[in-house]
Structure formats: structure tokens, C-alpha cells
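Enquirer: Have a look at this one.
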């Protein structure tokens with residue numbers, strides 16, 4: 001399948017704004033109205049007198065939760081970022097009537113930078129409990145006494161900072177577009193990205209790349225930024241962000257589509273956006289009629305400048321990012337990318353990351369033999385007196401084993417390339433594993449001129465959350481003596497890198513010694529395939545020559561165990577996808593990386609044939625088989641491959657009764673086949689646990705390893721759930737490794753599912769290279 005359609009200008013058919021003093025885009029009648037937004041700055045509430053930061057923050061205390069279908073129980077769990085983004089999207093969509101024919105193809109893409117107030121509250125609750133437990137243990141208190149006093153403290157802590165089963169959903173960046181999709185009744189693809197102050201630009205480029213295909217016909221692009229505390233600001237100042245600019249909170253939504261769609265629907269076009277580009281060095285300075293912006297809006301920077309461009313009736317806007325390089329958005333299209341000759345994208349190399357060493361041979365042996373990485377919590381990983389209880393309780397966990405990395409402390413991870421201690425101790429452990437996993441790719445990636453690095457990750461890493469505790473610690477409820485604040489490294493140049501998902505991509509680019517477009521993606525447990533989707537679309541459009549893409553997350557941290565336990569999502573023993581009595585998943589640390597290119601590669605491992613997605617957010621937590629089936633249908637519509645020739649499906653397979661049933665039901669709509677050629681199904685989560693943002697990448701690595709060994713590994717759960725409608729497909733779950741025979745056309749073909757909270761679904765079809 002080929003597509004010679006070039007990237008076309010975007011039609012902006014509506015805008016929505018929620019900024020200080022501005023509740024609607026229509027309130028910005030003149031450029032004077034815009035200038036008022038940032039000219040009345042004052043020192044931010046948490047700013048130090050010795051280092052004042054001027055800005056304007058948002059007050060959304062009057063947010064209408066009922067309008068956006070948020071139950072009273074969950075209201076404290078919903079982040080400020082989510083509330084602002086919902087208001088901006090509502091403003092943008094208010095004047096548009098979306099026909100039913102566009103709802104399946106209306107994407108919801110968002111941009112943020114660093115963490116949310118919800119994430120910071122959750123981290124502070126867990127951090128305070130661990131600190132109190134360690135204090136009592138150091139005083140020689142018996143274990144039973146420590147548990148009792150911790151349990152007594154959990155109630156006032158929950159009353160102070162909030163505590164509900166929705167806490168994990170509320171802190172997830174991907175909940176923002178999922179909630180917008182729920183409000184707007186759209187079912188297109190869904191994700192949140194972090195491109196730092198180029199986040200808006202990445203959203204626009206993603207929309208351009210997506211509109212070349214019929215599975216995307218319009219998009220609601222929303223960028224949002226809040227500034228929560230002093231350590232967050234100081235990390236940004238260390239990166240060169242101006243202390244003198246007005247730091248501006250808020251959210252902006254742009255509704256964009258191809259010009260043809262705007263004309264078909266009779267929508268007025270506010271402006272076109274043609275060239276949407278970045279440059280890494282040797283860039284010209286802004287001309288006199290385009291001076292540098294007088295405000296810093298974080299993830300909202302590009303969209304703020306586009307609003308200003310429209311109000312000033314200028315033909316372009318531009319800026320310099322604190323991450324390096326310049327960006328520019330032109331109304332006219334003066335540049336054109338050359339699309340890839342073939343839509344198929346080659347996989348050049350891959351590297352799985354699990355709780356085992358970085359060894360592909362051991363990875364395959366674990367898969368083939370049906371083994372796992374299950375281990376007991378260590379005292380360093382989980383403070384049992386603080387958190388582990390025999391039954392489900394508030395701010396606790398009820399599981400004793402996970403599939404974790406051997407170490408969660410950066411100091412305990414040996415690097416393949418030396419690093420300064422002042423840098424290493426400020427990075428996240430996932431970043432160190434990522435650097436080690438891609439260590440051998442330096443020469444290979446340097447062969448390509450235009451490169452991107454896209455990381456599926458939690459967008460707010462542990463360092464960001466731990467620094468936030470400094471700001472919230474004084475507000476902790478009283479206890480028996482002050483709770484000591486955990487020691488943290490002072491903030492320096494490397495603190496920002498270790499705090500955010502985009503920092504992982506930036507570190508890899510520096511490690512390879514290359515200039516690359518970098519950003520991070522979060523789409524709940526579908527994050528990795530969402531990142532692969534972005535990479536594939538960009539390669540197909542001719543935007544890059546190669547992309548390193550993957551995902552990684554430490555899903556076994558104390559805060560994740562506590563938050564997931566509150567949702568009753570975890571298995572009391574171990575994950576058993578599709579089994580009788582499946583009771584949840586086991587968290588695992590890991591993920592994987594792949595190197596992709598659209599150029600002909602003589603030794604490609606496999607080719608990605610098609611990828612697409614959907615978001616059916618009728619429920620923020622319950623899976624929906626029709627929404628999952630829509631993602632599969634859209635993917636298969638982009639390839640000439642007959643679904644009946646796909647031999648193996650790597651399932652999302654979370655091992656929950658509801659999730660397993662929903663997934664199997666979704667498969668019968670597209671993968672129904674002759675009873676003599678069953679679809680084989682498996683899940684890497686049995687072997688390595690659920691790696692959250694890294695899950696889809698690990699699934700992809702499993703399929704690639706199976707291609708290489710020409711065998712389908714087992715998911716040995718022993719007793720399958722007889723109530724699953726496997727026979728309707730028909731499908732089988734191998735209990736031991738079986739040969740992966742060539743199909744009648746001499747090929748091996750597979751598909752991969754990745755589903756996430758909020759109804760976010762992605763599906764990929766892959767073929768082994770000849």
C-alpha cells in the first residue's frame with residue numbers, strides 16, 4: 001500500500017482560550033486585549049523575594065464538574081490541567097456541529113509539560129507515609145506499632161490531600177484528551193505529549209502527518225500549562241527560561257482539519273497553517289517585526305503565539321525553545337516534504353527491557369519456556385510496615401510480589417558509558433535503563449540525517465514528584481512529631497532532564513551525539529503504540545529518515561502499587577491472562593525500544609504494515625469491546641493484508657475478567673476466520689508483568705523475537721477461562737511453544753493490541769520481512 005499524498009496546510013476552524021482574565025476566545029477582540037493577558041503580571045504566590053518570578057495564574061474554583069460528567073467522589077482527583085483543558089476545548093467546539101461521520105475520525109491530542117497538582121498530591125501522600133514509617137523504625141518501634149500508627153495517620157492524610165479510587169486516573173496526562181473525547185462524543189485517536197515549549201508545534205505536525213490518511217479527518221489540539229511550585233520553576237530556570245518574562249498559565253484548543261473537510265462542512269477558516277518546522281542550529285534570529293515573546297507559557301507557548309499571530313494578522317510566528325533550536329509556523333506553505341515511496345515502515349533493530357538483564361537470548365528463553373520475572377518486594381522497593389496489608393485498605397497495597405527491576409535507585413544501576421555522579425543521581429532509573437538498552441545503536445542511527453526520538457513514558461517522572469513534595473510538605477496534617485522531609489539532590493542543570501519524559505529523549509540524543517526532534521507520549525497503557533503511531537506517520541510523511549521509538553516505565557514503585565490497589569486492579573498472586581479465576585495484573589518494570597526507517601533496509605527484521613487507534617471514553621475505567629474493535633477496524637482499513645492471514649495476536653491481556661472478556665469480544669468483529677486456522681493469542685504480561693507505558697513496546701519486542709526464532713511462545717495459564725468467547729473467532733492460547741509456520745503466501749504476520757484507561761486503544765499489524 002502506498003500513499004503519495006503530500007502534507008497539506010491545516011485549516012484552523014475554531015479556537016478556544018482559557019487564560020488569566022479570558023474565559024473565551026471571542027473575548028480577544030483586539031491585540032490590546034491579548035497584551036492585557038500578560039502585561040499585568042505580579043510575583044507568583046510561591047515565588048521567593050530574592051528570586052522573584054512574575055506571572056499570572058488561573059483560578060478555576062468555579063469549574064462545573066457536572067457539565068463534564070465528573071462524579072463528586074472523584075472531583076479532588078481531577079487535575080487543574082484537566083479542568084482548564086476541558087474549558088478550552090468546550091470553547092473551541094461550541095460553535096461547531098460535528099456530523100456523526102466525523103466522530104470516529106476526530107482525534108484528541110494534548111500537550112503538557114511536567115506534572116500536575118494531582119500527581120504531586122499523590123506522590124506527597126505516599127512519600128509522607130514512607131518517611132513517617134522510616135522515622136518510627138529508626139526509633140526502634142515494633143513492626144506492629146509502626147503499622148498501627150501509619151494506619152492512624154492515613155485518615156487525616158486522605159482528608160487533607162484527597163484519596164479515592166480515581167486518584168491514578170486523575171493524575172494521568174492522557175486523562176485530559178480522554179475526558180475531552182467523552183465530552184465531545186468523539187472516537188478518534190487519543191494521546192498527550194510533552195514537547196516542552198514546542199508541545200504545540202508537535203501537535204500541529206502530528207495532525208499534518210495524520211491527515212494524509214482517512215482514519216483522521218479532524219483533530220482537537222489542546223495545550224495546557226500550570227506552574228505549581230518553586231522547585232518546578234527552578235528546574236526551568238536552570239534550562240535558561242527567562243525569569244523576566246511573564247509566566248503564563250492557561251489552556252488553548254485549536255480545532256483543525258484539512259481544507260477540503262472545512263469546505264465540505266461549511267466551517268469558516270480562521271487561518272491556515274502551512275509550514276510547521278523546527279531547526280536545530282544555524283537559525284536566523286527573529287526579524288524586527290517578530291520580536292521574541294514577552295511571556296513564557298510552557299507547553300502552551302506555540303499556541304499562545306499562534307493566537308497572537310491571528311490577532312495581529314501576521315503571516316507567521318516563531319520562537320526559540322529552551323530545549324534548543326528554533327521553530328516557525330507560517331500561514332503559507334513554502335516547503336514540502338517528500339512522502340515515503342511505500343507506507344510500510346522497516347524495523348531495523350529492537351531491544352527489550354525487563355526485570356532481567358538486557359539480553360535478547362535470555363528474553364527469548366523466558367518467553368519460550370513460559371517463565372517470568374516475578375520476585376518478592378525488597379525492603380528498598382516497598383516499606384512493608386507502611387504499605388503492605390493483607391486486605392484492601394486506604395493508601396495501602398495488598399500484593400507482595402512484582403516483576404520489578406533489581407534496583408530503583410540510580411546509584412545502583414551500572415552504566416555502559418561513564419556519567420558524572422552529579423548528573424546520574426538526578427536522573428530517573430528508567431532513563432539509565434534506556435541509555436543502556438540503546439548503547440549499541442550510536443553508529444547505526446548516525447547514518448541517518450533527519451532523526452526523531454519519541455519516548456512513551458510517564459510524563460512526570462519521580463524526580464519531578466519528589467521535588468514537588470518540598471512545596472506540599474508544610475501542609476501535611478499533624479502527626480506525632482514532624483515528619484522529616486526526605487533528602488533530595490539540589491536542583492542543577494540535570495534536574496529537569498530527570499524530571500520529565502521528554503528528558504529521556506533528549507538524553508538519548510546527547511548520548512548518540514546527534515540532533516533530533518524529541519518528545520514524549522502518554523496514552524495510559526497504550527502509550528508505546530501511540531508513540532509508534534506517531535513515528536510511523538512521521539516516517540510515512542517523509543518528515544524523518546529514522547526514528548528511535550519505544551516506551552519504558554517503572555510500574556512497581558510504591559505510589560503505583562498504592563494507586564492501583566485503590567482500584568482493585570492487582571492480582572493477589574500473579575497475572576494469568578485469559579485464565580479461569582483471573583483476578584488482575586502484576587506490575588512489572590520495563591518496556592523496549594525499536595529503530596524505524598522508511599528507507600529500504602536489506603536486513604530489516606520486520607515491517608509495520610498499519611497502525612491506528614480509537615478512544616471510546618464512555619467509561620474512564622471500564623474497557624469497551626466496540627471501541628477496541630473500532631481501533632482494529634481502522635488499522636486493517638489501512639493495509640491490504642487480509643485479517644484472516646494474521647496468525648498471531650499479541651493481546652493487551654491484563655488478566656482481569658472484564659478486560660480479557662472485552663478484548664476477546666472485540667477480536668471477533670475483524671479476525672473471525674475458518675475454524676481450521678485459529679488465531680493464536682498470547683500476552684507478554686504473563687512473563688514480565690504490566691509495564692504501563694512500556695507495555696506495548698515490550699509486546700512488540702516479543703513478536704519480533706518470535707519472528708526471529710520462528711516459534712510462537714506460550715502463555716501457560718494452565719486453565720483457560722471457559723466463558724471467554726474464544727470459539728467465536730476461533731482463537732487459541734498456546735500453553736507451550738509451537739512452530740510459527742509460514743502462511744500460504746510465505747509470510748508470518750501478527751497484530752498487537754494496546755489499550756489504556758479512558759478508552760484509549762491502539763492496534764498494529766506487523767509482517768516479518770522476507
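The first residue you see is number 1, and the count goes up from there.
Glycine residues also receive a Cβ, built from the backbone N, Cα and C atoms like all the rest.
Take a look at what Swiss-Prot says about it:
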DOMAIN    342-768  domain 'Ketosynthase family 3 (KS3)'
ACT_SITE  525  active site, for beta-ketoacyl synthase activity
ACT_SITE  652  active site, for beta-ketoacyl synthase activity
BINDING   652, 690  substrate binding site
ACT_SITE  690  active site, for beta-ketoacyl synthase activity
Enquirer: List the Cα distance (Å, whole number) between residue 690 (substrate binding site) and residue 525 (active site, for beta-ketoacyl synthase activity).
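Expert: Rounded to a whole number, the Cα-Cα distance is 9 Å.
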Enquirer: C-alpha of residue 652 (active site, for beta-ketoacyl synthase activity) to C-alpha of residue 525 (active site, for beta-ketoacyl synthase activity): distance in Å?
Expert: 9
Enquirer: Which number gives the other C-beta atoms within 10 angstroms of the C-beta of residue 525 (active site, for beta-ketoacyl synthase activity), all protein chains shown included?
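Expert: Taking all protein chains shown, residue 525 (active site, for beta-ketoacyl synthase activity) has 30 Cβ neighbours within 10 Å.
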Enquirer: Give the number of CB atoms, excluding that of residue 652 (active site, for beta-ketoacyl synthase activity) itself, located within 10 Å of its CB.
Expert: 31
Enquirer: For residue 690 (substrate binding site), just count the other CB atoms lying within 10 A of its CB, please.
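Expert: Summing over all protein chains shown, residue 690 (substrate binding site) has 32 other Cβ atoms within 10 Å.
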Enquirer: Check the DSSP secondary structure of residue 652 (active site, for beta-ketoacyl synthase activity), expressed as helix, strand or coil.
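Expert: Where residue 652 (active site, for beta-ketoacyl synthase activity) sits, the three-state DSSP reduction gives coil.
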